[in-house]
Amino acid sequence: MASGWGITGNKGRCYDFWMDFSECMSRCREPKDCSLLREDYFECLHHSKEYQRRNRIYKEEQRQLRVASQKKKEGGDGGGGHH
């Protein structure tokens, strides 16, 4: 992972993030000073924030579809029965 070589023999997709993080760690006084670079590196490796965002978007889409479906059912039943 830190060698810089990707699976295809080229530079790895997260190598630049690793180098930034590694350089920061070698010159910082406390590891917490590099926390944002560490976060970027881990996001590149695992995409956890991306997956969380996709999941939130999917759940919101499903919620909106349920609301629209309920409104459609309520509108269809209540329109012609009252005189």
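The chain as shown is numbered from 1 upward.
Glycine is treated like the rest: Cβ placed from N, Cα and C.
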Candidate cysteine (CYS14, CYS24) that TrEMBL pairs with CYS34 in a disulfide: CYS24
Residue among CYS28, CYS44 that, according to TrEMBL, closes a disulfide with CYS14: CYS44
Residue among disulfide-bonded residues CYS14, CYS24 with least C-beta crowding, 10 angstrom cut-off: CYS24
Inter-residue Cα distance where the pair is CYS24 (disulfide bond) and CYS44 (disulfide bond), in Å: 17
Protein Cβ atoms within 10 Å of CYS44 (disulfide bond), excluding its own: 16
